[in-house]
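Input: a single structure, listed below in structure tokens.
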Ligand SMILES: *[C@@H]1O[C@H](CO)[C@@H](O)[C@H](O)[C@H]1NC(C)=O
Ligand SMILES: *[C@@H]1O[C@H](CO)[C@@H](O)[C@H](O)[C@H]1NC(C)=O
């Protein structure tokens with residue numbers, strides 16, 4: 001009886017210590033950009049200084065225009081092998097986003113076109129379909145594939161860093177706006193990452209990774225002009 005009491009007492013203490021630990025320490029999995037330390041910090045993208053983000057433009061130089069951006073108003077050029085175009089509204093194109101931990105993209109996809117499998121290393125993504133019918137899919141690190149066909153007004157979410165794509169499965173041009181919890185989410189596009197890097201990934205690595213002959217790898221590299 002005494003032993004049982006003692007054991008459950010131990011369990012209780014350990015549980016309490018663990019709970020306090022959880023409350024005191026931030027979760028290590030925080031993946032979005034850090035919070036800003038001032039009202040705003042319009043990125044001085046031409047600065048020679050290199051920091052984690054961009055230095056702030058002097059406040060006296062800031063104007064209304066620094067907080068507005070019309071770069072997503074025009075359709076992108078879809079005349080490329082993927083038949084799609086991504087226009088970025090990130091800190092590089094819209095320096096007003098600097099340090100705020102958010103950004104948006106415009107994605108235009110022609111009929112049959114594809115925004116090819118890619119991942120954003122620094123952000124989760126959410127998006128809303130404006131026009132068209134779009135197959136949105138992503139694959140988890142455990143190789144489970146989740147997907148759905150979306151129509152205008154419908155939203156999706158891609159958890160941080162997972163490989164995903166959007167394909168136009170309708171008859172019309174498709175338009176999506178996407179949003180990220182990073183001022184510069186980054187994008188690693190799987191096919192070009194692996195087959196069109198500079199310098200190129202050795203054929204031995206790719207033949208082994210994909211379990212195919214060198215001719216197959218060379219054919220794919222050739223498609224990307226590598
Ligand atoms: C700020 O404005 C001053 C005066 O117009 C100009 O000389 C300077 O280059 C500007 N600095 C930046 C970072 O825009
Ligand atoms: C679209 O891109 C293609 C291929 O790069 C180019 O030939 C064409 O001129 C571009 N069209 C426009 C309207 O910019």
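Even glycines carry a Cβ here, placed using N, Cα and C.
The oxalate binding site annotation in TrEMBL covers 105, 115, 120, 125. Feature annotation from TrEMBL assigns Mn(2+) binding site to 118, 120, 125, 164. Among the features that TrEMBL reports, disulfide bond is placed at 41-56. Annotation source TrEMBL lists domain 'Cupin type-1' at 70-218. According to TrEMBL, the feature signal peptide maps to 1-31.
Here the features listed in TrEMBL are placed on the structure.
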residue : record               : contacts (Cβ under 8 Å, 6+ apart)
41      : disulfide bond       : 53, 54, 55, 56, 57, 98, 99
105     : oxalate binding site : 72, 86, 87, 88, 89, 90, 177, 178, 180
115     : oxalate binding site : 82, 84, 86, 107, 109, 165, 166, 167
118     : Mn(2+) binding site  : 163, 164, 165, 187, 188, 189, 190
120     : oxalate binding site : 158, 160, 161, 180, 182, 185, 186, 187, 188
125     : oxalate binding site : 157, 158, 164, 178, 179, 180, 185
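Summarised by DSSP class, the composition of the domain 'Cupin type-1' (70-218) is 22 helix, 57 strand, 70 coil. For residue 56 (disulfide bond), the Cβ neighbour count at a 10 Å cut-off comes to 20, with all displayed protein chains included. For residue 164 (Mn(2+) binding site), the count of additional Cβ atoms within 10 Å of its Cβ stands at 22 [all protein chains shown].
Looking only at the domain 'Cupin type-1' (70-218), the predicted model's pLDDT averages out at 97.
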